[in-house]
Structure formats: C-alpha cells, structure tokens
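J.: For reference, the structure I am asking about is given below.
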Amino acid sequence: MEALNVFSKKLWCVRKQLILFLTPLLLLPLLFVLPVKEGKCLYVVLLMAVFWCTEALPLAVTAMLPVCLFPTMGILPSKKVCPQYFLETNFLFLSGLVMASAIEEWGLHRRIALKVLKIVGVKPAWLILGMMITTSFLSMWLSNTATTAMMLPIANAILESLFGDLQTLKENCKVKEDPEVLTVEDSRLDGVERPDQRSPEEIRKEAEYQMKVWKGFLICIPYAASIGGTATLTGTAPNLILVGQLKSYFPECDLINFGSWFIFAFPLMVIFLFVGWIWIALLYGGLNTRLCINKHDEREAAEAKAKAVIDENYKKLGPINFAEGSISFLFILFAVLLFTRDPKFVTGWAILFNKGYVSDAVTGVIIISILFFFPSECPSLRWWTNRQASNTPYVPLLSWKKAQQCVPWNIILLLGGGFAMAKGCEESGLASWIGGHLQPLAQVPPAVAVILIVAFLACFTEFASNTATIIIFLPVIAELAIRVKVNPLYFMIPATTGCSFAFMLPVSTPPNSIAFASGHLMVKDMVKTGFVMNLLGIMCVSLAMNTWAMQMFELHTYPDWAHPLNTTSTQATLPPLNSTG
C-alpha cells in the first residue's frame with residue numbers, strides 16, 4: 001500500500017510531462033479514421049484543448065501551436081496563420097489594458113471605490129451592494145484579476161472595523177456555556193474596553209452572524225468582477241474572441257462593436273448584479289430589518305467606526321490632482337468615442353470617414369497614444385521664466401516601461417491562438433464536418449438550446465480558462481446555428497457570456513482563486529453560493545436574448561451575412577423561436 005502511495009505521488013509530480021507525451025499518441029487515430037484535412041485539424045484542436053484544460057503547457061505557449069502545426073500538417077499556410085495573432089481585435093484589447101494601466105498608475109480606481117462606499121453607507125447589505133457595484137464597474141475597464149486584488153484589502157479593512165479581529169471572531173464562534181466567558185472583553189464598542197455582559201450563547205450567535213457577513217463580503221467581490229467584465233468588449237477576453245471569430249466566419253456581419261455590445265450587455269449586467277446581490281445578502285445575513293430601520297445598539301457603533309475608516313482612507317487620497325483629472329477626462333473620452341463610433345441605433349461619428357476605415361481599434365489606439373505624451377503635472381508659463389525652477393523633463397501620464405509591466409501579453413497571444421484555431425477550423429472544413437453531425441439537435445427549440453448552451457459552457461469553464469473554453473466551442477456553436485437555420489448570434493452571444501459565469505470553484509477564475517486564498521472561505525461556501533449564481537446567470541441571459549437582444553440584432557430572422565459558411569446561398573427565414581427546428 002505504501003509503495004502504491006509513493007508511486008501515485010511520483011505520477012502526480014510528472015503529470016504534466018505525461019500529458020504532453022501521451023496526448024499526441026492517444027489522438028493519433030483521428031488522423032486515420034476521419035477525412036484527411038478535417039482529421040488533422042481536429043487533432044490539433046483537441047491537442048490544444050487538452051493542453052489548455054490541464055495547463056500542461058503555459059496557456060500562451062499552447063496558443064502558439066497553430067504557428068508550427070497548421071503549416072507542417074498542411075492545414076493552413078504560415079502566411080494565413082501568423083496574421084491571426086494581431087488582428088484589430090487584439091489592438092482594441094491592448095488599448096483597454098493600457099488605459100487600465102494608467103488608471104492604476106495614478107490610483108483613480110481606489111478613489112472611485114472609496115467614493116462609492118461612502119455613498120452607499122455602512123450597513124452590511126448596503127456595503128455588499130457597494131462592493132459589487134464598484135467591483136463590477138472597475139472590471140468593465142480593468143482586468144477582473146486586478147480589480148479583485150484591489151478591492152479585497154479595502155473590504156478587509158472595513159470588515160475589521162465592523163467586527164474586529166478575525167481570529168477573535170473565530171474563537172467566539174466556538175464559545176460554549178462557561179461562566180468565565182462572561183468576562184470576555186469586547187474592545188469594539190466606541191474604542192473603550194469593558195466587560196461583555198452578553199451570555200455565551202448571544203456571543204456565539206453574534207460571532208456566527210458576523211462570520212457569515214464576512215464571507216459574504218469576500219465572495220461578492222470575485223463574482224461581481226466576473227459579472228462586470230461581460231458589460232464591455234474589453235472587459236474580458238471571450239467578448240473579443242466573439243468579435244474576432246465573427247469577422248473570420250462572417251465578414252459581412254458588423255452588428256457587434258463596442259457600442260452595440262454595451263447596449264446589450266450593460267442591462268444584463270445590472271439585472272444579474274441585482275439578483276446576485278439579493279441572493280448573497282440573503283445567504284450571508286446582510287438582508288434584515290436594519291437595512292431600513294436605524295437601531296441604537298452595538299452594531300451601530302461598529303458601523304460608525306467602519307464609516308470613519310472609509311472617510312479617513314478617502315481623505316488620505318487628498319484632492320484630485322492634475323494627473324487624476326487628466327486620466328478621468330481621457331478615460332471618459334475613451335468610453336464615449338468607442339460607444340458613439342457606430343452604436344447602430346443612431347448614426348455614429350464613423351460616418352465622417354470612409355466607410356469601413358475606422359474601427360474600435362483605431363479609436364482605442366488614438367486615445368492611449370495621448371497617455372504617453374500628455375503631462376502628469378499642469379504646464380505653467382512661469383516655468384520658462386523662473387531660473388530656479390527644476391529643469392528635469394516632464395513626466396507623462398504613462399511610460400512605456402509601466403505599460404510593459406502591467407499589460408498581460410500572454411492574453412494577447414491567447415486571443416491570437418483562438419483566432420488561428422478558428423481560421424483553421426473554417427478553412428479545413430472541420431467546422432462544417434462537425435456541424436453535419438449536430439443535425440439531431442435541430443429538434444431542440446432554439447430558446448431551450450440557448451439555456452443548454454449557457455449551462456454547458458458555465459459548467460465547463462468551472463474547470464478550464466474561460467478564454468480557452470470559448471475558443472474551443474464557439475466554432476462548433478456557430479456551425480450548429482447554421483445547420484439548424486438559427487441566426488448565429490442567437491447562440492454565439494449567450495455562449496460568450498456564459499463563459500464568464502464560473503462561480504462554483506476556487507480554480508474557476510483568477511478572481512475566485514484570489515478570494516479563496518484569503519483563507520476565510522471554504523470550497524463548500526463557493527459551491528453553495530456559486531451553484532445558485534450559475535442558475536441566476538442562465539436565467540438572466542435567456543431573458544436578455546429573448547427580449548431586447550431579439551430586437552437589437554434581429555435574431556428572429558436568418559441573415560444574409562450568415563451564408564458564407566453555408567452550403568447553400570439562398571436566404572431562409574426562421575420559424576418563431578418558440579417552435580422546434
């Protein structure tokens with residue numbers, strides 16, 4: 001038995017090497033049992049899928065495999081593979097990352113967070129809502145991981161002012177009937193130490209309530225980061241994968257851009273955030289009569305102390321300086337220009353230029369270029385005449401060195417790998433081949449298919465990167481839509497959104513891992529909360545797709561732009577979406 005344990009530990013140590021060696025061998029039959037080109041492409045796709053899901057290789061390294069495998073296996077020439085790694089979609093993503101770097105450089109995100117918390121108040125339920133609103137807003141522009149890492153220390157500082165030391169809280173949860181407990185000192189009341197006159201049972205119940213609220217604070221932050229990232233194209237990588245693959249598969253489809261996506265996804269984010277807050281506040285004790293009624297008790301004193309902590313931290317930031325004001329202006333300009341370029345429901349400013357020449361990527365690069373020369377201090381004419389003034393060069397809002405440090409270049413490669421894989425699936429005929437085997441799904445009503453797609457991808461992404469998940473499945477989903485004569489966007493949009501709904505496990509997303517690493521959450525807490533969050537997300541996406549998205553993207557008809565992947569070129573009109581096939 002001991003020898004078996006030792007051997008199993010050895011295997012675990014070399015698991016990644018075994019995966020790297022065995023996976024290519026186990027997939028070899030695909031090259032002989034399937035049509036030649038389709039079999040080769042499927043071999044590469046599954047190889048990358050296994051490496052992505054197991055992280056046997058770094059994600060970015062796996063993303064580069066098409067560069068060597070597609071040309072050598074005769075799937076796609078190098079001149080068609082390599083350009084996929086820096087499409088205009090990647091430039092849009094890079095623009096968002098650079099803007100986020102500038103915001104972090106000057107601490108604007110912290111000012112926004114503390115200001116929102118000052119506004120919402122310090123009662124637990126309102127604070128949880130404030131945390132979720134702030135985190136989701138910041139994650140629309142910053143990375144979900146950076147937003148979570150920034151918000152958790154703020155949450156912990158507020159929690160310590162509300163409930164005191166966490167270790168003492170845990171000890172109080174274990175209090176039993178003991179006369180000595182009556183002398184436990186509580187130093188949280190107005191900063192004055194005095195004996196706690198409560199019974200042991202009251203102490204234990206209050207400590208358990210406070211521990212539940214503490215967990216609610218910590219768990220709401222990564223969830224809000226994942227939800228907020230869905231609201232903008234630059235908020236999370238899967239959104240950009242959708243745009244890139246749409247341009248590859250359906251070049252004539254121009255319905256998805258920054259503005260149109262925001263109009264669709266922002267209301268969805270707000271609805272999901274609200275129902276998610278209700279669920280978390282109910283589960284972790286934040287919703288009670290104190291939400292609307294002021295009570296003069298111990299909790300009121302703790303809340304006053306928490307408010308003082310927030311106010312003090314905000315005062316430490318001082319007044320908004322020139323750099324923060326400049327970043328705020330450029331950030332707002334960045335969002336407004338992206339939103340108004342071609343919002344679809346009204347004529348955008350892109351009409352001022354040649355049709356098709358100006359894209360979201362152009363807009364983003366124009367704004368971020370300004371960051372590298374715009375001064376961080378207010379220019380003064382006196383400097384020219386003041387002999388005693390410092391003659392050091394002025395500092396711009398952002399340096400390239402800082403941008404290099406903050407931009408996750410591996411994600412750029414991951415996006416490129418996804419586009420390269422999609423191109424290979426399209427040109428090898430693999431997408432059509434897979435679609436031909438999905439015909440039985442034509443009997444499932446499209447509205448039900450949407451629910452099944454979102455549920456499946458939300459479960460799958462619990463164990464794999466959301467970017468890798470959407471890269472693997474989006475080509476299949478696009479082909480499925482074509483085969484069953486459904487507008488491809490009706491399946492592809494919810495699939496993309498569902499990839500961000502990974503709430504159940506610590507390993508599902510980096511934000512979940514960061515919150516779990518704090519040591520205050522258990523896996524069962526995330527599973528219990530996340531399971532219901534997944535269900536709420538599925539319902540919210542289904543609601544969005546069958547209401548305002550239906551009108552925005554004309555999902556009730558089969559569009560002309562969807563024909564390039566089809567075997568026929570005639571236009572078809574869908575039956576009502578509540579019918580079969």
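The backbone N, Cα and C atoms fix where each Cβ goes, glycine too.
Reproduced below are the annotations present in TrEMBL:
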- 17-34: transmembrane segment (TRANSMEM)
- 85-103: transmembrane segment (TRANSMEM)
- 124-142: transmembrane segment (TRANSMEM)
- 216-243: transmembrane segment (TRANSMEM)
- 255-280: transmembrane segment (TRANSMEM)
- 320-340: transmembrane segment (TRANSMEM)
- 352-374: transmembrane segment (TRANSMEM)
- 447-477: transmembrane segment (TRANSMEM)
- 529-549: transmembrane segment (TRANSMEM)
J.: Which of 17-34, 85-103, 255-280, 320-340, 352-374 has the most Cβ pairs closer than 8 Å to the transmembrane segment (216-243)?
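T.: Selected stretch: 255-280, with the most Cβ pairs under 8 Å.
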J.: Is the count of Cβ pairs under 8 Å between the transmembrane segment (255-280) and the transmembrane segment (17-34), pairs 6 or more apart in sequence, 3 or more?
T.: no
J.: Short question: which residues 6 or more past the ends of the transmembrane segment (529-549) have a Cβ under 8 Å from it?
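T.: Distant contacts of the transmembrane segment (529-549): 219, 223, 227, 264, 267-268, 271-272, 275-276, 279-280, 283, 447, 450-451, 454-455, 458-459, 490, 493-494, 497-498, 501-505, 508, 555, 577.
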J.: Who are the chain neighbours of the transmembrane segment (17-34) in space, where the CB to CB distance is under 8 Å and they lie at least 6 residues beyond its ends?
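T.: Non-local partners: 11, 40, 42-43, 46-47, 50-51, 54, 56-57, 433.
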J.: Using a Cβ cut-off under 8 Å, which residues of the same chain at least 6 positions beyond either end of the transmembrane segment (320-340) come close to it?
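T.: Answer is 95, 99, 102-103, 106-108, 111, 141, 258-259, 262, 348-349, 360, 363-364, 366-368, 370-371, 374-378, 397.
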J.: Six or more residues beyond either end and a Cβ under 8 Å away: which residues meet both conditions relative to the transmembrane segment (85-103)?
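T.: Sequence-remote neighbours of the transmembrane segment (85-103) are 67, 109, 141-143, 146, 232-235, 237, 240, 243-244, 247, 258, 327, 330-331, 334, 359-365, 367-368, 371, 397-398, 402-403, 406-408, 411-413, 415-417, 419-420.
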